Amino acid sequence: MNAFPSLSPTAADWTPESWRGKPALQMPTYPDLQALEDVLGQLRRLPPLVTSWEILALKRQLAEAQEGERFLLQGGDCAENFVDCESGTISNRLKVLLQMSLVLVHGLRKPVIRVGRFAGQYAKPRSADTETRDGQTLPSYRGDVINAPEFTAAARMPDPQRMIVAHSRSALTMNFVRALIDGGFADLHHPEYWNLSWMGCSPLAAEYQKMVGSIGDAVRFMETLSGAQVHNLNRVDFYTSHEALLLPYEQALTRQVPRQPGWFNLSTHYPWIGMRTAALDGAHVEYFRGIRNPVAIKVGPSVQPEQLLRLIDVLNPDDEPGRLSFIHRMGAAQIADKLPPLLDAVKRDGRRVLWVCDAMHGNTESTSNGYKTRRFDNVRREVELSFDLHAAAGTRLGGVHLELTGEDVTECTGGARELTERDLERAYRSSVDPRLNYEQSLEIAMAIVRKQGA
Ligand code: PEP
Ligand code: CO
């Protein structure tokens, strides 16, 4: 193994645009190429959204998660919308992630790495390029960075100007998250700041408040003992992630920085490639090969062990700690069949990856009244089975990846309030996939602790 893998130079045959020589799936067709070039020129000049030192700090933390010393909590919307870039939505999402991480820290007795699916989660892969309604066929909605969801020819036309809007909405989101955290919002002395209005009446409130109380006691005890404020407990870190789908946008935010070799994607800390674009010889894997960020790949039930090993060869040839995560998303019904051969192959080859469970995307179904939903029990069961299957294989589940919101939506059925299919009509707001609401999210965190707690 290379003793200084992070200093190894970028592969000689890679450039930020070498992906253009490979098949790029899920890309929009822009009608005006000159307009696209103008936008990309503007984007290349705009300031980045994150820094290389934050990226490298996260990579070190992910390396610790690989060793079982930390646990990754990655969560947020399936798709952010430009209109949802507003203070209530952002702070509620932050609150639920902070509450979940508090439950996990308390129960697992290890630090939690908090990564939002936000500040850039604007591009969506679709199963079909077009959509037909009442005899009219239009391009599919591909996320707000590409087009708009309304079913009109104008809304569905890919518009490169949306990349500039996505960059600025991402920056506004980041700015607000950073300001909240720096301003004491995430202060462990005041977990009551994170309470959502539902707290009082939730069936989970008593268990949560008990935990908060005992954390408060621990903080006060340590402060009494040391005679000083527990400064490094005051703050928590937050990192961002999104699916790196729209490669022209990602390329424009791929930069070199002073005093660091190589290239960084400075639009987000921890980009991932979705299941539909993870082909070994495809453009997305080619793009990921050359950036120094920690990267993640979604792994679905059709992936073969050999494919996974080849992906490791390409994406982490030096076996660099923290560099590569596999997010498995098999579904509760299939995970016991599909996951073990992958775990065995990676373990047998002695490869270093961070295994993460996405308990959402293998559990999507449609109701008879036309809603896309997920059953809470399947989500919880997939997380629980993941822990068991990793334990049996001698590997480690290092984190979870969830679609969730801090809002009181009714998109997934079940959970403490036993939402039914009829409840879905009440507050179904997602423009793509169904999310856990705040209460179901907290319940998943509690289920993880019950399964795995010290
Ligand atoms: C997603 O994360 O929203 C997604 C589309 O996932 P996958 O690529 O795993 O289907
Ligand atoms: Co989704």
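Backbone N, Cα and C atoms are what each Cβ position is placed from, and that goes for glycine too.
As stated in TrEMBL, the feature region 'Disordered' covers range 1-20 out of the listed 1-20, 61-80, 241-260.
The most densely surrounded of the binding-site residues Arg117, Arg329, judged by C-beta neighbours within 10 angstroms, is Arg117. Residues near Asp433 (Mn(2+) binding site) in space but far in sequence (CB under 8 A, at least 6 apart, same chain), listed by position: Cys78, Ala79, Met360, His361, Thr364, Lys372, Arg374, Glu403. Within the set of binding-site residues Cys78, Arg117, Arg329, His361, Cys78, Arg329, His361 have a CB atom less than 6 Å from some atom of ligand 1. Other than Cys78, His361, Glu403, Asp433, the residues of this chain whose Cβ falls within 8 Å of the Cβ centroid of the Mn(2+) site are, in sequence order, Met360, Thr364, Ser430, Val432, Pro434, Arg435. Other C-beta atoms found within 10 angstroms of the C-beta of His361 (Mn(2+) binding site) number 21, with every protein chain shown included. In this structure the residues listed as binding phosphoenolpyruvate are Arg117, Lys298, Arg329; their two most distant Cα atoms lie 16 Å apart.
Those residues of the chain, other than Arg117, Lys298, Arg329, with a C-beta within 8 angstroms of the mean position of the phosphoenolpyruvate site C-beta atoms are Glu243, Trp272, Gly274, Met275, Ala296, Ile327, Asp358, Met360, His361, His401.
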